[in-house]
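Asker: Here it is, the structure in full.
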Amino acid sequence: MIRLDVPTPWGIRLQDSATPNAEGIHELYDHIMFYLCLILGLVSYILYVIIKDYKDNRFAYKYVRHGQVIEIIWTIFPAVILLLIAFPSFILLYLCDEVLTPAMTIKVIGLQWYWKYEYSDFVDSIGETIEFESYVIPDDMLEPGALRLLDTDTSIVVPVDTHIRFVVTANDVIHSFTIPSLGMKIDATPGRLNQVSALIQRTGVYYGQCSELCGVNHGMMPIKLECVSIEDFIEWLGENEVSLNSSMVEQCTVNALILVQF
């Protein structure tokens, strides 16, 4: 199965979901689209009938001043449809804002025009947290198969099937941290911490971009996230000289991550 996890030229469909939040957004989209098609068909039919009757007889509606029944119908019918759309929207909005007990936290900082990531739960051998900056790869440095304006020199690495909290802020202007396949879009506002959670259910590479106009190089702020197995994530921690004997790392990897396999 080929997954659609990146934007495609002339693409009109949503990217494949990799989290429960993204799946809920897709279901809500289909739910609302049903009512939109229903309204489009009904309104188009009414307009067709009115135009056809008027063309055949311009005095067809000469003495029509009001219609109590139709007025009640076009008041109640839209109200019912709005309620049918609103309730699922409110439920999904609440679920997307809910942050469950996270196994790990990643701090995301937006700057003009790059991202900075901090793994505050993990410390290296000298007692410092893992942190790095992520820049877009210029066109003249792209390798074969790389994605223009989407690939970065470094990427976020997270384990699969793990509750992850992203704490998002900015240092200069407003940015927006967005990864469509994860159903994630949250503003990065200077002086404010916003948070969102994600439970990525399959491994892969996911791309996003800054979705808030933030200056001349707004289009040069891609996001690249790699979701790997728990074993590969622990190996990545070792490559960054994280001490696996520290209590915080044991809690976030051994206890919270390995138990997911069972």
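From the backbone N, Cα and C atoms, a Cβ is placed for every residue, glycine too.
The following feature annotations were taken from Swiss-Prot:
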- His175, Cys210, Cys214, Met221: Cu cation A1 binding site (BINDING)
- Cys210, Glu212, Cys214, His218: Cu cation A2 binding site (BINDING)
- Glu212: Mg(2+) binding site (BINDING)
- 31-51: transmembrane segment (TRANSMEM)
- 72-92: transmembrane segment (TRANSMEM)
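Looking at the shown structure, can you explain where the listed features end up?
Answerer: His175 (Cu cation A1 binding site) has a Cβ environment of 30 other Cβ atoms inside 10 Å.
In the three-state DSSP scheme, His218 (Cu cation A2 binding site) is classed as helix. Under a cutoff of 8 A between CB atoms, and with a sequence separation of 6+ in the same chain, the neighbours of His218 (Cu cation A2 binding site) are Trp113, Cys210, Glu212.
Glu212 (Cu cation A2 binding site) falls outside any helix or strand according to DSSP and counts as coil. Neighbour count (other Cβ atoms within 10 Å of the Cβ, all protein chains): 18 for Glu212 (Cu cation A2 binding site).
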Asker: Which chain neighbours of the Cu cation A2 site, leaving out Cys210, Glu212, Cys214, His218, have a Cβ atom within 8 Å of the mean position of the site's Cβ atoms?
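Answerer: Neighbours found: Gly110, Trp113, Val173, Ile174, His175, Ser176, Ser211, Leu213, Gly215, Met221.
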Asker: What parts of the chain pack near the transmembrane segment (31-51), using Cβ distances under 8 Å and only residues at least 6 beyond its ends?
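Answerer: Distal contacts: 61, 81, 84-85, 88.
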